[in-house]
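Participant: What TrEMBL shows for this protein is this:
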type	residues	note
COMPBIAS	749-761	compositional bias 'Low complexity'
COMPBIAS	762-779	compositional bias 'Basic and acidic residues'
DOMAIN	316-375	domain 'Tudor'
DOMAIN	533-591	domain 'Tudor'
DOMAIN	861-919	domain 'Tudor'
DOMAIN	1057-1115	domain 'Tudor'
DOMAIN	1264-1322	domain 'Tudor'
DOMAIN	1441-1501	domain 'Tudor'
DOMAIN	1667-1725	domain 'Tudor'
REGION	733-786	region 'Disordered'
């Protein structure tokens, strides 16, 4: 280990844990540290010298994650990056401090740009490194993690430690660390805080590393760049052993550095300040002791002598080089280090023995021998204690410098870390801090130090926390007197060997020093908290009010105004005000003496707390002690020395080791007095902040938190709250109050005995000190005592121990069988739990035996709450009791097992024995639920009635509620009676018969002229709910309603006559409370109700509706349903752009008071005028901003203009026109006719005339589009205006339907106008038709023939039937009477079509789609997505159940989208419908909730898929597997078939021929059927052969594999121009195109060290040689140096093998006996020899540089490597030396390409990268989610602003506490804001399906689908519901990727596209929604499609098409579905 190098790490903080890969239930520790503390110091100096207050704040566009800023953190500027752009509600932003590793929230105003004039601050790399602590793991959970983190924060945080690197894992470096040369992992394991890891045994065997000295960089600002070069050189020496003889290299000597020194602590030093760098924060001192001065003088002489005789001018003048330099101050030689080379003449030198820097001529610098470097430094860089508080004053630095420079002081060191913190004092005892403050206070006068020294106040007080109590010396066996008892096993004991005189001397000294101190009044002695600092762990003095004495205490925890303290010498703990604690005076002599006692814990104690207290309290014990853990000593009790209580301290004075003690008060020797060792609290109840009470105090119902208590029990405990059970006694709760804060009681103080806590404490909470692994830490608070002075020489009698009963076993939420045993009234009675009666009977027998057989002691402690045994006067038997009240001569006792009470003389009370306290009270205090009325008083008859009805019977009991200090609310049922009796009903108030209320019977709130209101529920501008701003007067009514209905059983007051409009009461599922409601609709067994006082809705089962009582109808409905007045409310949702949505959001704010003026309601809806501050009238504002338009009556129009409806009242076979015209024809199945062409011409004449009017043309801004609106639309082809209706809306255009012609078109919004009333008189003139008798499919030839005849035809139209508003007609030419159907002659010969297979089950049953219908299917899906999956979904909801034979829009259970489906049948019992998706053919059973009504125009479109079967010669009964698999796989969505259609029978189309890709599917199937029998025969042999091959492959694959070095470049993203290493070395070179590099030489060093450790183990010699197989990874011996290296076998001969040494690049033959198996731990890193080629070698045809020339130029160089290009054969790089020279050009190779950035510019992987050549037709996109190579989602860069707007809108939800959507109100296919499970941010998502408390959601801006808890779902802001999805699903047009390799392909796809802007070339027009096919996708200039195809070729040479035989039937792909 002597050769193992280490480095120093300054630990900034311990932060977190990560999953441990070795042990599933354990985790590793992570901490942050700085490797270069010197560079960090320089950074701090540079930042401190800058005035960032004047720097500009960054704009939002400047906030980039990779950019460095300066942030103000804890009053200091630090460098930071933005870690999260989410701004919380306080305006804070999360930043990451890159030099310290902290993540903090800071205000935006505290983030400043780094000026360009500060390149060092802005460009320096982050100084904090993330480390993983090796060799130890910790148990998961808070109890395992928190103690370890606290321990490490105290012992290694903010300190320097030695670290040995063990390698890189993920984003942190694994290290083995040593603190003060002790392995930290060993400390944790021995302290029972950690568990050994796999490397622990190896770690403890290794000696402490001492290979490297502490670098001078820890005290000198500049980084040692030379040291990093030397390290690389040392690595090279190892690497060069692997090179050929022609490339042997020299080995530079490793560099040396000075060893820094630290001032010794606990020693007063005499020092002189030699240099002040930054005021009191940073300055330099020298020790002025005689030995230090002598050493420095001798060193100066030796330096002068050496320089005079052996002076050699320094040659290598590099930064960080030690030297001898001549100082200009004294012209003498001194040690120094070069910090900066200014130019060719001067260098900046830091004189390490004096602490200052100056420019030195290079001729005055000389080489320094190693002997002088090893001498310790004589200058110490320090900081003044609490310097930060001084820096808040003006001119502190100047005054400090004048006061201290070249002055001598006494120095006390208070800190261990560099720079050390110190306190300086002058000879008069005044601190420099006091002198500086005095000088600042009188800054107007010239500073006169001599006068200042005379007038400065003298203070005997050392700075707070500077006086420490010495460590106590503890022997292996000690005699202790127990003064304080904790939970079982814990106690505080004072040493019997310590004389009482010492304790008395300490008390006397404190009394004399602090006697003038009064809490809360000014004093000459400062308070400990006068400096407003944290003092946890510091010591102080308090005056205890109970006895008036002073005691020394230690601070263990701090609160807002109070602190928790422990009495150092007594072990008790209390909580006091900060103003009551004084600082320790420096004049105290006894204060620093060790504590008089220690905390102990006895493992494995199973006694109760009462038993434990009785055993050891006030006893002397002899204990064996182990090693302390957090100052708590594991103890084993040897024996009890003395059993009498309050044994005096050193009662036998002759045995005391000190015969006489010095009294500090009287100054004379006195005989030690016998005193009481234990401090008790009196019960006098003195006034003040704390009331003196017995032993333990609970203030305001809350115990102090002792999680940081170290001088007490030393382990964290959680807060507890004082609870009182139903017996009225104070109890401690074992519940940690981290979930719910304690209830605040009154100011009274509760008391709890110190001798017990909760008796129900779980045994798992005890710490097993003998276990190797830590258990859960105890959770009770430490018992607290307060000191009480006992008169000296008085032996007080022990106070009796008070015993209490444990908690009862809870009955909450349970159904039990109880028996009533005592009744006071129906609201107060006691019951027995039937199942516990045997325990009670046994207890009573034992109690009677014990107390009747022999007299017992009377009860000594008569207090309220004390357990006792009392005699019941009726039967003279003894029963367990509890004191309720105490009188003068008698007490009131509750018999806890029966419930009755009795006033008893104290003589009839006996002390209860411990064994009778263990069982909790057996009588449960109960009350009948739902019968108590506040105005009701119970009578004796009520009591008797309850006794008769319930006593002596087993009663089925349901407990509905139980609160603290209250009774159990129960519902009692006597099931033995017939009929059964509900006892609650016997006492319930008389219930009147509640009649069925009238529908719509809620009264309305009155409205005034102007009312102040709040928006309580907002749906849209046409439906929102307002309520008055003050509803306090109605709150009691709502509370009574909740109380009334919550007391009812589930079958009471059920509404049995539900109907629409009926008032009722419903429980809201989100909070479980009852609210007034009204039924909106009824569907099956469910009703949709509205909560009338709030406005929101909920679906509720009919059986859960409660009938409303008339008294709850007396007060009005507390909301008004409203709409804006005088504005048009569209029939459907309007498309709003983002700015319009922002306007709407601003008008309906939450929680803001608005002004409202109500108008007469219509149908219960109030038109309202709303006014909002800063906006005014809402309607005017929205109209002005073109969100809405005014109502027609406000614009002078009579009514809204709409087309009259078309009439379809035609009679079958009626001739409806003889002059019809066909304006638009698609196919014989879909065309439009005009029955009155003359009317159409008249309409067009009017339209053309209107188009000539300027007012019409210029009126562009008044048109507000919405779906279904009638309008005039411009047609671009003929530039005319036509009548139309809006079908759908896009971003800036609309899809309109020309109602008189039948065609549709996309029109810009500027080309739409309002429809004039004159043009709205006629209905739409175009009727949609189809030829009667025509069936799909129809060939292309038939369609073309029909088009040729129909377009210019004047037709006679005869109606056959009307189906879904589609006319089935026969057309005849009016001129000649020829029927068009007969003329086109539907062919009888087989029809040949191009088809897709949409869905396939077998060759006997599959569905096909015509290729010519592909666009039509896409249009259907587009319309479904636009109309049904947005905010319009509610208008299409299905009411009732689906009807068989009807067509609907149905959510597909697999593809999670809407498709047209035909209902085959519906099962009303299960609620499932059997349906067929008519456009694809697949059948499913789906729930009725998945149905939506289909838009009318989609009902008219015939099915796009028809069922088919293959016409085969012979049809097998069971299809052979290979034939079926072939057919399923060939039915790919990408394959277009040539199909010949045969006859159609029973609706199934036979296919005579199915041709695909030059093969006939039918012929292939026939051949496969014939071959199936032969294949069955040969299958067994094939299986045997396959097994044999598999065994060989497994045997080969058992060896771990070293990954190739190409992964190195993959990990670095490989961006052209990226610098991939700045410290590389060449390790092997065969030619300019075969160069091997070490990109990280340190990694090679680590690998070699690991191999060396492994091969030096004794077990390695026993490992047998590896049998060589080509391609196997192994360890191979290198013949030249006989060392082992990682290698891969290249070839095998008879006795040797040729291996390639993968970490160095060269190959060599070795004997087969020189190969060993490689362990898996050595293959974690890939091969480290990175093979590359010199850029330019590929562009030189001849005259390549020779190998020798390349070796001479590149070896022995520290190189910078720039990635240029990666081809199939080579990775081309350019190399630069340390001076920046291009070595490629030096070797004569061509210059770098112009498109490659070679100026050391690091390219971020997330930046936009344009390909080297422009890609025609490409569009910039980002890949947002990859499911597979054939299914991924993209975001267009053109939508980046919309995406950011969506995130800005949802960002407040990220940190908002807004309530989530009620779980059962989350509905499927509705848009919400959902927390992403990985990103922890909210995104828009659609709920696909709901299962229990989870929902499957689709993130429509990412493309990701996942299950999330319902608690992470929030309502989506209304303004986001109209923005289309930002993620588009895509697929490659080709190739097809096999499913079995999907994971490898997906990973490669993700690596290639993650975080970069890609260029996509799309195929065909871009659909508005659905799957988009991509021809090419380029990322970083690489064609991703080709990349994936090559990957498949490498892993699956025989790749086939997808399909998957095991997943039959194969569902149609989303590509076919036109998504």
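Placement of Cβ uses the backbone N, Cα and C atoms for every residue, glycine included.
TrEMBL entries are annotated by machine, without manual review.
On this model, are these features tucked inside or out on the surface, and what's nearby?
Facilitator: Across the residues of the domain 'Tudor' (316-375), the predicted structure has a mean pLDDT of 84.
Helix first, then strand, then coil: DSSP counts for the domain 'Tudor' (533-591) stand at 3 helix, 28 strand, 28 coil.
Residue counts of the domain 'Tudor' (1264-1322) by helix, strand and coil are 7 helix, 30 strand, 22 coil (DSSP-based).
With DSSP states grouped into helix (H, G, I), strand (E, B) and coil, the domain 'Tudor' (1667-1725) comes out at 7 helix, 29 strand, 23 coil.
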Participant: So how many of the residues in the domain 'Tudor' (861-919) end up helix, strand or coil by DSSP?
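Facilitator: Its residues fall into 6 helix, 29 strand, 24 coil.
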Participant: Counting each residue once, how many in the domain 'Tudor' (316-375) are helix, strand and coil under DSSP?
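Facilitator: Within the domain 'Tudor' (316-375) the tally stands at 7 helix, 27 strand, 26 coil.
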Participant: I'd like the per-state residue tally for the domain 'Tudor' (1441-1501) from DSSP, helix first, then strand, then coil.
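Facilitator: Secondary-structure composition of the domain 'Tudor' (1441-1501): 7 helix, 28 strand, 26 coil.
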